[in-house]
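TrEMBL has this to say about the protein:
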type	residues	note
DOMAIN	44-186	domain 'Potassium channel inwardly rectifying transmembrane'
DOMAIN	193-365	domain 'Inward rectifier potassium channel C-terminal'
TRANSMEM	84-106	transmembrane segment
TRANSMEM	157-181	transmembrane segment
Amino acid sequence: MRESASAGLLSREVRVLTESMFKRLRRWVVTRFFGHSRQRARLVSKDGRCNIEFGNVEAQSRFIFFVDIWTTVLDLKWRYKMTIFITAFLGSWFFFGLLWYAVAYIHKDLPEFHPSANHTPCVENVNGLTAAFLFSLETQVTIGYGFRCVTEQCATAIFLLIFQSILGVMINSFMCGAILAKISRPKKRAKTITFSKNAVISKRGGKLCLLIRVANLRKSLLIGSHIYGKLLRTTVTPEGETIILDQININFVVDAGNENLFFISPLTIYHVIDHNSPFFHMAAETLIQQDFELVVFLDGTVESTSATCQVRTSYVPEEVLWGYRFAPIVSKTKEGKYRVDFHNFSKTVEVETPHCAMCLYNEKDARARMKRGYDNPNFILSEVNETDDTKM
């Protein structure tokens, strides 16, 4: 009996080792020969940018972007925003400089008109276009050197001074507000939220789960965090319609739920692969052949600014490792502090895992049936009287 048990244990170890070797070989072959030739199109990149473009947009629809000028300016890249910033100020200074020059020209304040000694100009010491530009600059930014000033001689000059002052305040408010809003956008806070490079599939709590690791690189928390996912794939309806980027909800949870996460240390979120999961009919051998994109979202409120931010990432079939789990990264030091080792953040360890979810549930059902008894309704117990046919 002992020899047969040892032989069975040895055969099991050999079988597990052989399956592991074939799994590694299959993944290496796919990555080596098909990984570069088959570049999957992503809707969402690993850093959260959306890979989509809009074509044949009508000119009337494009005008809507100028109606919502504030959002348009905020969405601009920095080089375009700074170009608009500089152009707005220089353009307004030069434009009003031309107007001040026109006022001086109409009122004959320029030297070429040879004004008399008792002539009172509209603006003192504006003798040319350069002087008019400098006066426009001093007026709009309220420098006020005192060398050039408006007199009470011209009502036009007084009205122009008021109009430029009001317009200058509006330009300053809009452009400075746009720069400040661009700097303080929560998209920069999202850069300090990182996801694991790969997703893994393994058993967790007796169930087959898809697991992803996410970490907050800042010590400040995200308040009211909520995490969820979308599976994007091409489907064909019973009516024959092909839907590209069809979205299927993927529920991710941690042990305490999927809302109001205590995001002080890296978390491992998981999706249970049950009968309602789109991964239920996939297997380790067919996963790499699937065509899908798993997009994961994390919404939360920044603790310091109370602004809402969203972090996104995506996984394609090549980035989903079947039969692996994440290496532990949290430890406790001798001083009583908890230490997070980000060297192992995306590191995975191979574990024994069923090669499909259906096999796991079938195995559980078989074990449950073996433990249960069955009643035979046609079974009838009949009593038999034993008689002693031998007589002494």
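Note that Cβ sites are derived from N, Cα and C of the backbone, with glycine treated the same way.
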For the domain 'Potassium channel inwardly rectifying transmembrane' (44-186), residues assigned helix / strand / coil by DSSP: 89 helix, 4 strand, 50 coil
For the transmembrane segment (84-106), distant same-chain residues with Cβ under 8 A (at least six beyond the ends): 73, 76, 121-123, 126, 128-129, 132-137, 139-140, 154, 156-157, 160, 164, 167-168, 171, 175, 178-179
